[in-house]
Amino acid sequence: MKTSFKFSAFFFFSIFLIFQIFSFQIRIVNSQGSTDSCSSNLKLKGELLFDTTSFHCLSVWDQQGYILRYMRTDTNVWSYVLSAPNTNAYIAMGFSKNGKMVGSTAVVGWVSNEGTATMKKYFLGGQSPNEVLPDEGNLQLVNFTSSVIAEDSRIYMAFQLNTEMPSNRLIYSVGQTGMLPSAADFRLTEHQDRISTSLNYNSGQSEKSTPYANLRRSHGLLNMFGWAIFMPIGVMVARYLRQYDPIWFYSHTTIQSLGFILGFVGVISGLVLNNRLQNNVNRHKGIGIFILVLGCLQVIALLARPEKSSKVRKYWNWYHYTTGRVLIMLATVNVFYGIHLGDAGSSWKAGFAVVLVILFITAAIFEIRMWKRK
């Protein structure tokens, strides 16, 4: 009965963590409530230096509440107003040739705690802060038309570019809260989050650009099936089908081996993806590597499995059960976290949640049947 209680508690704790993640994401979305909207003209107490009445307006980053207004206002002049929640962090809009940050030039704006508004352009020559150079880059800003305004919990960054046709590969980013560039060197810290998009200037349609989409999808599916679906199925086979000896053992070993192989390839593909994208996903990456370590320990434990008559067999069993359940719990949480980081959408979350519910109901039915037999 103690083992049954531990098993049930594990699943309830996993479900609790999953719902906590959902609640956290909902709080994030709600906290980014916007007072700006494309349904009405932009009216600010602090006046912009050019009229935006006839501008195109579109939401370019729903997750962060970014709204862009733009228009070609002269022969070689394009005007922009980027609006975003004021989180005591910088906001940035980058113009890229290929959708990547390195090699692009960004316009960055922020408002200090003292109310001082600042806007500068940066050339993103590399990944380190030393390679992000202020007042450099190939953007030609029109003089005396730039402004940054903080109003109604939002920040508005307005500027004009002197160019015949600006790049349509636009990158938006948000800085880390409370880490604004200082007036000493205006060094830009690493962003908290970013998104790469493609803008059709004629139609006013903005699409999210997803580099390495196939690799992203493969990474997610491999880890989802390997660690968070096959592993729990293997655990249930070992727990509820022991009366079919030795079929249960070979089935358990086969399923767990398949899960480990898929998960191993999934983690490796994630490392490759992170190396190519250079995203700040250290927490997700760290949990994934720890899960892989736990999986390797399970393989080693299988190879070093003592005989049933051995005195240390019960300690081996305790180690094997505990490590496996911790692995599944972390994998479940990390899959949801990865879906959130990749902005894969509600369909991925819902699909994975449905599979978990099915597994949970199946385990509950087998658990009840096992209790009745006892």
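Placement of Cβ uses the backbone N, Cα and C atoms for every residue, glycine included.
As given in TrEMBL:
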- 64-178: domain 'DOMON' (DOMAIN)
- 182-374: domain 'Cytochrome b561' (DOMAIN)
- 1-31: signal peptide (SIGNAL)
- 221-241: transmembrane segment (TRANSMEM)
- 253-274: transmembrane segment (TRANSMEM)
- 286-304: transmembrane segment (TRANSMEM)
- 316-339: transmembrane segment (TRANSMEM)
- 351-368: transmembrane segment (TRANSMEM)
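Mapped onto DSSP classes, the domain 'DOMON' (64-178) shows 3 helix, 64 strand, 48 coil. On the 0 to 100 pLDDT scale, the domain 'Cytochrome b561' (182-374) averages 91 in this prediction.
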